[in-house]
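The next block holds one structure in the form of structure tokens; read it before the comments.
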Amino acid sequence: MKAICVLSGGLDSAVTSMFAKSKNYDISTVTFNYGQMALNQEIKSAKKISDILNADHHVIDINFVKEFSKSGLNTGNIPEPENEDLDDFEKSEKTMKAVWVPARNMIMFSIASGFAEGIGAEKIFSGLNKEEGVTFPDNTPEFIERFNKSLEYGTLNKVKMVAPLYELNKPEIAKLGKELELKLDLEVLKYSYSCYKDNGKDYLHCGTCESCMRRKRAFKEAGITDPTKYLVE
């Protein structure tokens, strides 16, 4: 069985790729260049994880997105919330809007669907999850359901997108990741890269952007040793 894993190199997509591997899928991974500030680090991380999982890795250029995106992920204007802001819906929604890239997931998953159909893969694995679904509308079960409905008309082999993490929050994802590492006898989590920034050194996280803060909290609440190096602990 063939599958495509959309792999940014982050915690969610790394765990999702391990999950697909654990289900004996022959996986290929895709990383998208949409002009993000952390692009080089994401590619290095995704390539390393792909090598560990024995998966073909592909980088797909959708750099045109930055021509109309005002997202902090493209401009570098990254919000740095406080810990107590992470569960404040209004503040989290404001942060979400600051890093929202127009139609990014729709574009990426559509291209991944074409890739999957072209190589005869039956599934696309994505790292969409419960915690990010609170504020990001394209991380919700409703998005997955409606996207799959469009694939019934947009592909001949009825490719489907699956999101094995959609009922999990970040601590649960970190815990699952550790369990999968043990099951597969592989080290993956320490090579994942969640930071919105490029901090000039491989796998080095800033520790202050929202993505880093959620990552730190995930490992802490899961009771798992955090393998991540941060500029600000």
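Cβ atoms are placed via backbone N, Cα and C, with glycine included.
Features reported for this protein in Swiss-Prot:
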BINDING   L7, S8, G9, G10, L11, D12, S13, A14, V15, T16, S17  ATP binding site
BINDING   C195, C206, C209, C212  Zn(2+) binding site
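Swiss-Prot feature annotations superimposed on the structure.
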{"residue": "L7", "record": "ATP binding site", "contacts (Cβ under 8 Å, 6+ apart)": "S13, A14, T16, S17, T29, V30, T31, A46, I49, S50, H57"}
{"residue": "G9", "record": "ATP binding site", "contacts (Cβ under 8 Å, 6+ apart)": "T31, Q41, E42, I43, K44, S45, A46, I49, Y191, S192, Y193"}
{"residue": "L11", "record": "ATP binding site", "contacts (Cβ under 8 Å, 6+ apart)": "K170, I173, A174, G177, L189, S192, S194, R215, A218"}
{"residue": "V15", "record": "ATP binding site", "contacts (Cβ under 8 Å, 6+ apart)": "G127, L165, I173, A174, L176, G177, L180, L189"}
{"residue": "C195", "record": "Zn(2+) binding site", "contacts (Cβ under 8 Å, 6+ apart)": "A38, Q41, L204, H205, C206, C209, S211, C212"}
Least crowded of the binding-site residues C206, C209, C212, counting other Cβ atoms within 10 Å of each Cβ, is C206
The correct three-state DSSP answer for S13 (ATP binding site) is helix
Counting only residues outside L7, S8, G9, G10, L11, D12, S13, A14, V15, T16, S17 in the same chain, those with C-beta within 8 angstroms of the ATP site's C-beta centroid are A46, I49, G127, S192
Counting across all protein chains, other CB atoms within 10 angstroms of the CB of S17 (ATP binding site) number 29
Around the Cβ of S13 (ATP binding site), other Cβ atoms found within 10 Å total 27
Apart from the site residues C195, C206, C209, C212, the 8 Å Cβ neighbourhood of the Zn(2+) centroid comprises I78, S194, Y196, K197, N199, H205, G207, T208, E210, S211, M213, Y230
